[in-house]
Amino acid sequence: MTDQITLRAPDDWHLHLRDGDALERTVGDAARQFRRAIVMPNLVPPVVDAEDAVSYRLRICEQIPAGSPFEPLMVIYLTDRTDAEVIRQAQAAGVVAAKLYPAGATTNSDSGVTDIANIYPALEAMQDCGMKLLLHGEVTSHDIDIFDREQVFIEKILSPVVDDFPDLKIVLEHITTAHAAEFVQKARDGVGATITAHHLLYNRNHMLVGGIRPHYYCLPILKRGYHQSALIEAATSGNPKFFLGTDSAPHMRGKKETACGCAGCYTAYSAMELYAEVFDRAGALDRLEAFASEFGPDFYDLPRNEGSITLVRKPWALPQSLEMGGEELVPLAAGETLNWQLV
Ligand SMILES: NC(=O)N[C@@H](CC(=O)O)C(=O)O
Ligand SMILES: [Zn+2]
Ligand SMILES: [Zn+2]
């Protein structure tokens with residue numbers, strides 16, 4: 001039995017750091033686990049252009065613990081008004097990607113795109129300058145069942161975009177279904193996907209059997225066990241199209257444990273430990289490094305990190321709650337025992 005693994009330093013290709021008082025917690029946790037992170041732009045108001053991204057980056061950098069090499073990679077939020085000029089300026093300012101939130105699809109997506117046709121000029125500019133397109137892949141029509149929204153998004157929106165922009169690099173974020181895994185696997189080069197720890201560890205039974213567990217509620221919502229198995233298969237397959245993105249998304253305890261709770265799971269506190277659990281159970285610990293530390297930078301045309309992290313098999317219990325900006329934050333798997341620990 002392997003009791004210790006050392007990996008090239010990993011990156012998180014999908015992370016919510018929020019802003020203001022939250023940053024001390026979120027940046028500190030991320031910096032302990034990862035070397036770089038793709039920082040989601042769904043603030044209120046969202047990060048929509050170069051200027052927003054540059055100032056948000058400075059606020060994040062102020063909270064990086066002394067001596068940490070952590071580097072935030074910035075993303076802008078596509079709106080119906082994002083044009084080619086906005087894209088070019090953002091690229092010149094170091095922004096690496098733009099994110100499509102269909103309007104109303106998830107937390108803070110009210111300013112999102114109402115019709116994909118509205119951003120075709122922006123997508124053209126992104127294709128030209130090598131900026132990546134990141135997608136929250138769910139349709140929002142009221143007549144589409146919440147469990148089907150990812151599959152319908154792939155058919156109606158993603159598939160045409162992949163064909164219409166053959167040189168655009170596209171990441172379908174936080175995939176949750178066998179359909180998504182299969183689509184990405186069969187798609188042309190330049191189409192990849194991130195997979196969260198929670199979609200690998202859980203299915204909808206964990207959220208709904210024996211009582212409703214709001215801390216497992218995220219978007220896209222947890223699906224059947226069959227889909228969870230397909231995601232585990234994809235993540236541990238060694239296919240470079242699938243790489244790590246936690247989608248760690250903090251909401252205060254009171255916003256989760258309530259009559260109408262927010263979507264999002266806070267996993268940044270123990271991200272690599274959670275992924276190690278999944279890969280260990282699947283007998284694929286030897287594939288964790290590629291998934292966490294190699295396929296992401298390769299996809300983004302960035303160098304792989306120097307340096308390493310070590311995980312040891314040493315059971316420990318996650319705290320019941322954390323503090324964020326003076327309030328209580330419940331991490332995913334609070335109070336549960338994990339077998340792996342980051343040294
Ligand atoms: N995943 C979530 O359930 N929530 C994310 C938004 C997102 O990534 O869709 C959030 O910002 O809270
Ligand atoms: Zn999302
Ligand atoms: Zn997210």
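All positions are counted from 1 along the displayed chain.
For all residues, glycine too, the Cβ spot is worked out from N, Cα and C.
TrEMBL names H136, H174 as Zn(2+) 2 ligands; from the candidate set K99, K223, K241, the record adds K99 to that same site. Per TrEMBL, the substrate site holds H16, L17, R18, N42, H136, L219, A263; the candidate it also names there, chosen from H142, H227, H251, is H251. The Zn(2+) 1 site recorded in TrEMBL comprises H14, H16, K99 together with one of D189, D247, D280, namely D247. Under 6 Å, Cβ to nearest atom of ligand 2: this is the test, and of the binding-site residues L17, H251, A263 it is passed by none.
Residues H16, L17, R18, N42, H136, L219, H251, A263, recorded as contacting substrate, have a largest CA-CA distance of 18 Å.
Taking CA atoms as the reference points, H16 (Zn(2+) 1 binding site) and N42 (substrate binding site) are 8 Å apart. In the structure shown, the C-beta of L17 has more C-beta neighbours within 10 angstroms than that of any other entry among the binding-site residues L17, L219, A263. Same-chain residues with CB within 8 A of the center of the H14, H16, K99, D247 CB atoms, the Zn(2+) 1 site residues themselves not counted, are L15, I38, M40, N42, L134, H136, E173, H174, G245, A249.
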